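*Asks:* I'd like to ask you about the structure that follows.
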Amino acid sequence: MSFYDQPDPGQGGVAWAPQPPAVQVSHLRGLRTALTVLLGVSALISVVTIVALLLRIQVIDDYVGGTADAERLGAADDFAVTSNRVWLVMLVVNASVFIVWQYRHAKNARILGSTSWGPGSAIAGWFIPIANVFLPVRQLWVASKFSDPRQNGAGIVIAWWLTVFIGGMVMRASGSQESNTIEDFRSADTAAAVGEVLSIVSAGLAILMVRELTRKQETRLSERLALLGGTAQTAWPASYGQQLPPSYGQPPQGAPEPPPVPPQP
């Protein structure tokens with residue numbers, strides 16, 4: 001009999017219990033910490049960008065009034081452009097890490113009973129034109145329901161998405177304005193500064209949201225795994241070289257001891 005074979009139930013009347021299927025939990029704590037740091041850095045960069053935009057507005061006014069030269073105007077413009085580029089880089093980094101977090105959050109929601117808006121939609125929803133306005137927030141809100149005992153979606157998800165959406169619209173409006181006059185430049189920079197303020201608010205809400213949803217889901221997963229009889233288990237069958245769980249190969253609790261095997265002649 002091989003190591004993985006089960007004994008015949010007729011041998012002493014003892015049935016050996018097979019190892020139950022493993023519950024594969026996607027861990028979120030590392031991503032939660034990473035997003036907390038990255039979003040905090042993005043908020044600081046937004047503060048710097050606001051300062052750069054307001055400084056450029058002031059220098060433009062001074063230039064028109066004759067108290068600033070072209071060199072000072074160019075330096076203020078370089079400062080604003082550079083800070084905005086750094087902000088865009090951080091936006092891409094944050095979005096990438098956030099999508100990974102949302103994907104894992106959706107996978108864990110499956111364990112808690114979610115049957116719709118799964119891990120695939122957590123990724124694909126961001127890349128579908130027009131639909132990406134509502135698909136990501138819808139998926140995240142539905143998944144959050146399964147971390148709540150009353151099956152209520154997290155309100156902070158809606159609040160976060162509203163600031164993201166409004167801030168994005170303001171940013172887009174500021175970038176699409178024609179800059180033919182001094183007043184056009186001033187108006188565009190003012191709108192961009194408002195968009196950065198909303199970006200700071202959305203970053204703060206995102207930090208709170210990620211931490212809250214991660215905490216709630218971990219709590220619900222612990223409760224669910226306790227009902228299943230333990231913590232997350234080792235995948236079955238165990239791969240070569242993998243340490244086996246203590247319960248592997250043991251008879252069910254309360255089963256009688258098998259009769260001794262007589263020595264072979």
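Cβ coordinates come from backbone N, Cα and C, glycine included.
What TrEMBL shows for this protein is this:
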COMPBIAS  253-265  compositional bias 'Pro residues'
DOMAIN    69-215  domain 'DUF4328'
REGION    237-265  region 'Disordered'
TRANSMEM  34-55  transmembrane segment
TRANSMEM  86-103  transmembrane segment
TRANSMEM  123-141  transmembrane segment
TRANSMEM  153-171  transmembrane segment
TRANSMEM  191-210  transmembrane segment
*Asks:* Cβ under 8 Å to the transmembrane segment (191-210), counting only same-chain residues 6 or more beyond its ends: which ones?
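*Replies:* Contacts of the transmembrane segment (191-210) (Cβ under 8 Å, skipping residues fewer than 6 from its ends): 31-32, 35-36, 39-40, 42-43, 46-47, 49-50, 53-54, 84, 87, 98, 101, 154, 156-157, 159-160, 163-164, 166-168, 170-171, 173-175, 177.
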*Asks:* By a Cβ-Cβ criterion of under 8 Å, what residues six or more beyond either terminus of the transmembrane segment (34-55) are in contact with it?
*Replies:* 76, 79-80, 82-84, 86-87, 90-91, 93-94, 97-98, 101, 189-190, 192-193, 196-197, 199-200, 203-204, 206-207, 210-211
*Asks:* Report the DSSP secondary-structure composition of the domain 'DUF4328' (69-215) as helix, strand and coil residue counts.
*Replies:* 121 helix, 0 strand, 26 coil
